[in-house]
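> Before I ask anything, let me first share the structure, which is written out below as structure tokens.
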């Protein structure tokens, strides 16, 4: 069975629910009122897709401003970035843009980026609490991200949409690896097919003393 390692980093403002999001996915638990992350926390999850074992390293970074300078340490070499905002907080959506700019500045241009709006359970109970329409997230992604980037809305509390986020990301990671391997294979074949042509004159010159 083949295997693949992938590093995923979660970024976003303090209090948007990144830790609850990760805890729900990794441990299938919801813990309300979790303490704010200090620096970053690290989780592992192993997923089998077809004949490939995908070993995920999920980094949950702190959203407080005082830890922002430490963020590049944690998202270095990441394969995917998940930008999180709270659908009931316009400020958290606006702050997300700073994290996006950091990712674009410090990581390769082909990094997979997804945007996740959290706490949709709150707006189901009280629609007037919503400050960020889903359509606005889609519009933002089409303007700033690659065409295959995705927007999601989830509820860690109700376990809604959490699994689907990572399923889509894993599929993209596997597709990207396959494309990279195919490109590498094609490049090797091209190098092997190159024939150096020379004339008799070249041969005579090369043998002159």
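Each residue's number is its place along the chain shown, starting with 1.
From the backbone N, Cα and C atoms, a Cβ is placed for every residue, glycine too.
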> Between the candidate ranges 16-24, 25-33, 34-42, where does Swiss-Prot place the motif 'Effector region' annotation?
34-42
> Taking DSSP as the reference, which of helix, strand or coil describes residue 15 (GTP binding site)?
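In the DSSP reduction, residue 15 (GTP binding site) maps to coil.
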> Around residue 61 (GTP binding site), how many other C-beta atoms are within 10 angstroms of its C-beta?
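Other Cβ atoms found within 10 Å: 24.
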> Tell me, if you would, which residue among 12, 15 (binding-site residues) has the fewest other CB atoms within 10 Å in the structure shown?
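Counting other Cβ atoms within 10 Å of each of the binding-site residues 12, 15, the minimum falls on 15.
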